[in-house]
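Read the structure below first, then the notes.
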Ligand SMILES: [Zn+2]
Ligand SMILES: [Zn+2]
């Protein structure tokens, strides 16, 4: 569940482990002998807790909302189409927000173009992880993960215990130096125990930021806000009398226990694995790639497919070898998109036009120059960012299918494909995972 | 177009019940009877099913003494306990899955409908497949 850039995470780990290691290796030995053996014991417990919460924060799913299935996306699309269905010439993107009332407070839900869903209240799309995260707090590079609904507790406990740990080490190191200095002067004490000096310096500089952060998050926990909401001032900006935080439980104590001890939903990612919308592909395609590319449909996987052009390029490379040489050109999927300048995600409307095996070109959504967009490979690469993996898969499958049954399309798809056909891939067939490689065939012109 | 009585669920029409946020961010699904199901299922039956599912989610999300103890215990063990135990929430989700499966078997499939466990849809929507209808949007 880690994002790609993990460098800073290793830095965090190294800093904590090295500093604690020096502390246990040098100061604790002296202090256990001269003061009390409880010192290394407490330090050890703190260290274990810090590391456990750090790893929990870093390696757990922060509460990623799985991307919408194709049918769901189509349904939302359909609902949003309604307002301006009557104006085909002047196509405007439909409004992409929805308002809900939460405990009397109106909250706007934004549509996520990447995940194809209306983000639930408090969720936000993390540009680094490329997922919508529930109760999004912030993306923390130090732990290399998003902080959201499922790991906020661990994150808070991590910084809280880390600040205690930091102060503890600092205090112990000072005690050590002072005890040694009593026998001699302070300079010789520092010479005797150079590790203590290093620890003292590291702790001294890090303790301020850590304690500050812990304090800030304590305030957030007490008022049941997220960093995201606090920065945006969601519930304080409009100083209206009726602007309050609808998520607060009412009292500081209740908020704290909600955050620290409340129930946490299990990760929803892998559950989706066995209802993969494109599972039925297994019937149409079999081959070495099927096995190789059998991956879980969790949102992570897609990251690679979206994020790297190399993967897509490579896929483009091996097209043609897969399609039988004499078949008519397979159905081509072109996607026109209009790029809107957007902050966190690429806002696009996709239009799909495609050529059925019998030569007709169909298009839908939006009804403008779809037919005129030529089925060339020179098209934009960008639209891939906007399509869910499932769509890619499904298109790949349909096209592939068309290629195989090129002369007899009616056997499976009785009519010219409709848009909805592309978006109807859900199946409850068990277990077989989607085959991403199919997208290299047929519609390779685009990818 | 053809005489297939039951289509595979990939092609059938689907009805979605969206989340209901009026009570807060807890998992809860709208209890409005969808028009598409008019005449296909008794209103009361569907309503009862959704209410039951909602109440299980409510139980899962409530801050009961049990969850409280569970969380505190896990915290004491530096959350290592979570590696080898199911949380109350997980148990509730399993309960929902079992309940939906049972309802499908006993009631809905006979009426040509099939409920999909919301957990499989990331708790975003409550999906109902109409098994006897081709998708025609
Ligand atoms: Zn998103
Ligand atoms: Zn992130």
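Glycine is treated like the rest: Cβ placed from N, Cα and C.
Quick look at what TrEMBL annotates:
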- A:357-375: compositional bias 'Polar residues' (COMPBIAS)
- A:108-232: domain 'Palmitoyltransferase DHHC' (DOMAIN)
- A:357-378: region 'Disordered' (REGION)
- A:7-32: transmembrane segment (TRANSMEM)
- A:38-59: transmembrane segment (TRANSMEM)
- A:154-178: transmembrane segment (TRANSMEM)
- A:198-222: transmembrane segment (TRANSMEM)
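Secondary structure by DSSP for the domain 'Palmitoyltransferase DHHC' (A:108-232): 75 helix, 19 strand, 31 coil.
If one looks beyond the transmembrane segment (A:38-59) by at least 6 residues along the same chain, the residues whose Cβ comes under 8 Å of a Cβ in the stretch are 1-2, 9, 12-13, 16-17, 20, 23-24, 28, 31-32, 140, 143-145, 147, 151, 154-155, 157-158, 161-162, 164-165, 168-169, 172.
Per-residue pLDDT, averaged over the domain 'Palmitoyltransferase DHHC' (A:108-232), rounds to 90.
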